[in-house]
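Inspection log for the structure reproduced underneath, given as structure tokens.
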Amino acid sequence: MYTTSKILTKPVNEREKCFCRSIKLTFWVAKLTGALPITWKHEGGACVFHKSNIWTIWIISQTVLLSTIFFYLTDFSVLQKFYVLPILLNGITDIIYYIYLIVIILVTGLRPQRIVNVLNSISKLTMHGFFCESAIETVKFLNFSFIGFHFVLLIFNAAILTYLHYSKSFESELSASFIVAKISQNSVLFFYVYGLTLISIVIGILTCFERFSLNALQYKEIHPMKRIIASDDTQDLFIFFTYAACKSDHPCAFKLTKQPVKEILEYLRILHEEICEIMYNINDYLNPMILLHIVTEIVMLVITWYSVVIKLAFRFEDPETEVVFILNLLFAVSHSVGLFVFLRNTQKLSNIIQGYANFLMEYSTRVTAPSDQLQLRIFIQKLKQQRPFHASGIFTVDLGIAAPIFGSVEIAIHTILEKLNFRFTENKMYKTPKNVRKPPNARKICFCRSIATLLWVGKLFGTMPITWKHEGGACVYRKSNIWICWTITQCFLFLITFSWITDFQAFSQIYVLPILLNGITDMIYYIYVVLVISVFGSRAKKFVKVLNCMSRFAKYGFLCEYAIETVSYLNFAFIGFFSLVEFLNGCLLAYMQYSKSFVNNLSVSGFITKISQNSVLAFYVVGCTSTSIFIALFTCFEKFSLKVLQYKELTPIKIINPYENSHDIFMFFKYKVCKSNHPCIPELYTLSKEEILEYLRILHEDIGEILETWNEYLNPFLLIHFVLETIALIIVWYSIVMNLAYKFEDPETEIVFINNLVFAVSHSLGILIMLKNAQKLKNVVHSYSSFLVEYSARLSSPWELLQLRIFIEKLKAQRKFTASGMFEIDLGIAGPIFTNILTNVLVALQFKLPKKQ
């Protein structure tokens, strides 16, 4: 495959890290589970993989063993308990997973030759240095992380089963079949470990190939602003930990650097096709298991989440339902997270391929020879025709299917709740609701001072453990160990508050629905606040990186003083709105405490929980301020572009009005983002329009890269935040409607009603304001694209038109501001969010309350 190449790098005879050792742990687990009947040894300085007949016999034994367990240990009698629905659904899930395990072992175990060919191809890449030692070490680290997470989950599952079996709180002795079935269900998560390991290998190879290409083509950045953000290959693992896929420089072979560009491009294209062929073979090997697995997971999540919902809505006499409920909740959460992590890694693979295509598009502007352009055009066309990672050709496996998957789960549960009318025996259960210019020496306004209030609020809350000072005419931000200690203290403080002050007795008041729902929202927001503080506090490095890039833009005048002043004004406005809501909430709580109109006195836990719920509005302050900074940066860039391109309007009617940058805040107050003329750098006037357009395009890419880094910093909490806010608003609005429709005897319901009304209005406004700011950011980027399309009519040179066309294509390919890639953050999701709230409230209203309420 690779040994016939004339300009290949020399094989590495002695390597500190061997490919087989980096994945040995996963492969041994796969062999023991019967999914990988192979063996390997070292020959000629490389790992050589072979099919193993001994392990094939072990697969057959595993299949026979699982079939025996399925027929002799499965309790088929639960299928006859039609009056106890959670136990019936639990029996169905056990049977599905036993059949699934047998099929998956047979399909993977009896097709070892495909994975053997793939592993031998990867081993040859490793031997010739294309898959470097640092990338192999990263794969080993990921391999241990995935396996460790899987085993921790299994141990946690076993610990819960042991506790449920011996605890006096649960009047149920678990059978051997029940324990084996539950362990088997979570052991299926190893499919994610196995798939993630193979995908991580491909990501490592493609990252190494990117670095090798830069050295082979002797690519150098030609503009000074690019140094603001060095292109790196940083990924994150389980949100908390970041790692670099490849740290090697990948020095190019001497023979290769002496070849003409045409032959280098042809060599890189063929090498990339061979790497992609490995990816295709991995995809073919994993199919149809990917399709079978995702379909099975969707069915299981529908059944499990439905079982959880009916357990919250009904009370059952059978004590085993309590055990089933806890295990179903653990299963639903762990498998949803596993599916999301798997799709997120396949999305990373897709992004790396797209990023390489964008690099080739930019490199095409530096190539003049027709033969070189032909090779580059062939390369780009090949990349466009590349097959994505798919599930048997039915759909592409990436984050794009996450929303349809979880949406189909929600729709299926709604359909079951609305259409299927299960008849329960009344004596068995009863229904109750539950729970490049010189930096200016003196600036009137500094970037750090414009957002200092926000940063101090974030530091006090424990989400921004950073510090800053002035160096070289700019603000320099650093991670602070002292504030990290404060973050840890805040987490422990909230956990102690949650454990000792939360009124868990509210869950026993099953006849007073508003108080029960109030207790549920309290628990949700305590857990959410702890997660926000711990995750954001542990990811301060990315936040520091974004702020330092912003500071350098301000230093070189691309973020002008007037725009910085506008950001400062908006920062105070958002914080003022947040403080006003908290003050209003505190006044209402004090009034209800001392007013004679309310019989009940509020407890300490009531005060703290209500204040904590509205403190989550600080997340909207961070989101709105950050989007305002990017709006200001893009607006300044737009004005700078007009100046440097010497753009003048030809007609009095402004079809495209780039000077109009007026916005409104809270719909009442209008403001202009930027009033500066942005005088151009004198050196730029000496350049041709082609070079100016290239400079502007690269500068715009720098700004876009900062926006992507900020988006990665906020994710996945953008997704978690909107999901939890939607759930909380469903509960709160339902509680408000119930208070208006019914009269409750408990006097505390009046206090809960007023607090819920304040919560619902303030958080609904917070969602709308944040989405409106995100929509403004989207509109600013889109308007610049429209300006470039209009400006193209004034150009006649083919090279200028080429640069402009590349610029427009890059703008179209720019990644959007998203919530973990599942949906775009703009006003377009406001309708679905509030429609979802209304639909769920209407569905919940179909349940009738007992007369005792």
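For all residues, glycine too, the Cβ spot is worked out from N, Cα and C.
TrEMBL entries are annotated by machine, without manual review.
Database features (TrEMBL):
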type	residues	note
TRANSMEM	54-73	transmembrane segment
TRANSMEM	85-107	transmembrane segment
TRANSMEM	141-166	transmembrane segment
TRANSMEM	186-209	transmembrane segment
TRANSMEM	289-308	transmembrane segment
TRANSMEM	323-343	transmembrane segment
TRANSMEM	482-501	transmembrane segment
TRANSMEM	513-536	transmembrane segment
TRANSMEM	572-594	transmembrane segment
TRANSMEM	614-637	transmembrane segment
TRANSMEM	717-736	transmembrane segment
TRANSMEM	751-771	transmembrane segment
Interface check, the transmembrane segment (323-343) with the transmembrane segment (482-501), three or more C-beta pairs under 8 A: no
Best-contacting stretch, by C-beta pairs under 8 Å, relative to the transmembrane segment (614-637) and drawn from 85-107, 482-501, 717-736, 751-771: 751-771
Proximity of the transmembrane segment (85-107) to the transmembrane segment (482-501), 3+ C-beta pairs under 8 angstroms: no
Distal contacts, the transmembrane segment (54-73) - CB-CB under 8 A, six or more residues away: 31, 33-39, 95, 98-99, 101-102, 105-106, 109-110, 112, 176-177, 180-181
Candidate ranges 513-536, 717-736, 751-771 - greatest C-beta contact count to the transmembrane segment (572-594) (under 8 angstroms): 751-771
